[in-house]
Amino acid sequence: MMNTEGNNGNKPLGLWNVVSIGIGAMVGAGIFALLGQAALLMEASTWVAFAFGGIVAMFSGYAYARLGASYPSNGGIIDFFRRGLGNGVFSLALSLLYLLTLAVSIAMVARAFGAYAVQFLHEGSQEEHLILLYALGIIAVMTLFNSLSNHAVGRLEVILVGIKMMILLLLIIAGVWSLQPAHISVSAPPSSGAFFSCIGITFLAYAGFGMMANAADKVKDPQVIMPRAFLVAIGVTTLLYISLALVLLSDVSALELEKYADTAVAQAASPLLGHVGYVIVVIGALLATASAINANLFAVFNIMDNMGSERELPKLMNKSLWRQSTWGNIIVVVLIMLMTAALNLGSLASVASATFLICYLAVFVVAIRLRHDIHASLPILIVGTLVMLLVIVGFIYSLWSQGSRALIWIIGSLLLSLIVAMVMKRNKTV
């Protein structure tokens with residue numbers, strides 16, 4: 001883990017450094033995995049869902065920015081829970097839920113990696129066992145990588161952020177020249193169920209903005225820089241997502257979208273950039289998903305280390321097993337693999353979206369409770385809280401009306417986090 005005291009004598013981070021962290025965290029594997037899923041629900045109106053998702057992220061980013069500016073640390077959301085909600089059962093349950101949310105996100109991204117790998121290496125095939133094989137394989141490889149080295153994660157991400165952005169910008173520029181307005185005109189508004197389902201999924205593509213808060217302790221003037229960084233990073237990402245959605249719906253037919261929803265970005269590249277462009281985008285997607293799994297595993301392991309040092313996990317979880325890995329790391333990885341095998345990409349996206357929304361709603365509660373200390377605007381926080389509540393209720397209702405089994409996993413995640421927290425407190429584990 002990084003030592004944050006005195007910033008290790010390194011030059012403090014400026015505005016564009018923090019913005020780069022935010023864009024890199026948001027514009028990652030999520031867009032490769034989620035764009036097709038969102039387009040299946042909203043079709044020509046997909047860009048509207050990404051725009052609304054960006055607005056929700058802006059409100060949430062405001063709460064995050066004020067907390068990060070006032071309480072700079074590398075603990076991020078876990079530290080916010082402790083400060084605003086104390087060290088009781090509720091705070092611990094939210095920390096466990098956030099940890100579980102990251103685990104579900106890894107499973108989702110692994111599924112996307114498997115889909116792109118099969119599309120690239122077994123053209124025309126959509127065999128489930130092949131997708132699962134590649135998905136489980138990349139989780140195992142990245143777990144091993146994290147067990148051997150901590151230092152390579154950051155450097156790898158910097159390189160891959162540049163590659164991802166260049167590939168996506170190339171796709172957008174090519175798409176603008178061949179944009180077909182008739183394909184992206186909204187003839188009828190989507191149903192409320194489709195709208196809220198899509199908002200929940202698109203918000204997941206923005207969820208990485210929280211990573212900027214983890215860098216607050218390395219910023220020269222966090223009170224000034226953090227709010228600006230959140231605004232710029234989320235704004236740029238929103239424009240990028242809207243552009244990608246317009247390009248996708250303009251050049252990929254509904255039939256292709258239904259068949260290749262998990263690899264929609266690559267399908268959009270084929271008519272725009274030819275076979276070479278298609279190969280470049282697929283390789284970019286594989287690199288993006290692999291690096292996202294790597295970075296998220298790194299985050300999960302560090303959060304577990306942080307929670308262990310605060311005595312918020314059983315001692316066994318932090319007991320060393322091999323190199324830098326612990327028993328807790330292995331238990332979480334096994335859980336991730338089980339979820340990868342049990343749920344498809346769409347269901348995993350729904351579970352991760354719902355639990356992310358709930359965790360970020362809790363950040364609003366923390367910000368409201370600490371509003372005087374963090375110099376936050378109460379009206380903005382209240383509006384943001386109400387918007388987040390509306391999205392959560394609408395998203396859950398849409399899943400219920402569809403009879404989605406993801407709802408069972410969402411409820412199970414909430415109950416599991418709460419029960420484990422209660423048991424740990426009762427047994428004085430923490």
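A Cβ is built for glycine as well, from the same backbone N, Cα and C atoms used for every other residue.
Per Swiss-Prot, topological domain 'Cytoplasmic' is recorded for 1-14 (among others), and the stated evidence type is sequence analysis.
Taken from Swiss-Prot, the feature transmembrane segment applies to 15-35 (among others).
What Swiss-Prot records for 39-59 (among others) is transmembrane segment.
Taken from Swiss-Prot, the feature topological domain 'Cytoplasmic' covers 60-88 (among others). Note on the topological domain 'Cytoplasmic' (60-88): residues 1-2, 4, 94-95, 98, 209-219, 222-223, 225-227, 229-231, 233-234, 303, 306-307, 310, 359-360, 362-367, 369-370, 373-376, 380-381, 384, 388, 425, 430 of its chain, located 6 or more positions outside it, place their CB under 8 angstroms from a CB of the stretch.
Within its own chain, the transmembrane segment (89-109) has Cβ neighbours under 8 Å at 29-30, 33, 77-78, 81-82, 135, 139, 204, 207, 289, 292-293, 296-297, 299-300, 303-304, 307, 312, 332, 335-337, 339-340, 343, 345, 348-349, 351-352, 355-356, 358-359, 362, 413-414, 416-418, 420-422, 424-425, 430, counting only residues six or more beyond its boundaries. Sequence annotations record features per position, and here Swiss-Prot assigns transmembrane segment to 89-109 (among others) based on sequence analysis.
Residues 29, 32-33, 134-136, 138-139, 259-260, 262-263, 266, 279, 282-283, 285-286, 289-290, 293, 336, 340, 344-345, 348 of the same chain, all 6+ positions outside the topological domain 'Periplasmic' (110-128), place their C-beta atoms under 8 angstroms from a C-beta of that stretch. What Swiss-Prot records for 110-128 (among others) is topological domain 'Periplasmic'.
What Swiss-Prot records for 129-149 (among others) is transmembrane segment, and it gives sequence analysis as the kind of evidence.
The feature topological domain 'Cytoplasmic' is assigned by Swiss-Prot to 150-157 (among others).
Look at Swiss-Prot and you will find 158-178 (among others) tagged as transmembrane segment, backed by sequence analysis. When Cβ-Cβ distances below 8 Å are used as the criterion, the transmembrane segment (158-178) is approached by residues 20, 23-24, 27-28, 31, 240, 243-244, 246-247, 250-251, 265, 268-269, 271-273, 277, 280-281, 284, 287-288, 291 of the same chain, each at least six residues removed from its ends.
Mean pLDDT across the topological domain 'Periplasmic' (179-192) comes to 67 in this model. The topological domain 'Periplasmic' annotation in Swiss-Prot covers 179-192 (among others) and rests on sequence analysis.
Counting same-chain residues at least six beyond the ends of the transmembrane segment (193-213), those with a Cβ under 8 angstroms from any Cβ of the stretch are 18, 21-22, 24-26, 28, 30-31, 34-35, 37-38, 41-42, 45-46, 49-50, 52-54, 56-57, 60-61, 64-65, 67-68, 76-77, 80, 105, 226, 229-230, 233-234, 237-238, 241, 349-350, 352-354, 356-357, 360, 391-392, 394-395, 397-399, 401-402. Annotation comment: Swiss-Prot describes 193-213 (among others) as transmembrane segment, evidence class sequence analysis.
The topological domain 'Cytoplasmic' feature in Swiss-Prot is assigned to 214-228 (among others).
Per Swiss-Prot, the feature transmembrane segment maps to 229-249 (among others); the stated evidence is sequence analysis.
Annotation source Swiss-Prot lists topological domain 'Periplasmic' at 250-272 (among others).
What Swiss-Prot records for 273-293 (among others) is transmembrane segment.
Among the features that Swiss-Prot reports, topological domain 'Cytoplasmic' is placed at 294-325 (among others), with the record citing sequence analysis.
Look at the topological domain 'Periplasmic' (110-128): DSSP puts its residues at 13 helix, 0 strand, 6 coil. A contact links the transmembrane segment (326-346) to the transmembrane segment (129-149), because at least 3 Cβ pairs that are 6 or more residues apart lie under 8 A. When each of 15-35, 273-293, 348-368, 380-400 is checked for Cβ pairs under 8 Å to the transmembrane segment (229-249), 15-35 comes out on top. Listed stretches 15-35, 129-149, 348-368, 380-400, 404-424 were compared with the transmembrane segment (273-293); the greatest number of C-beta pairs under 8 angstroms is found for 15-35.
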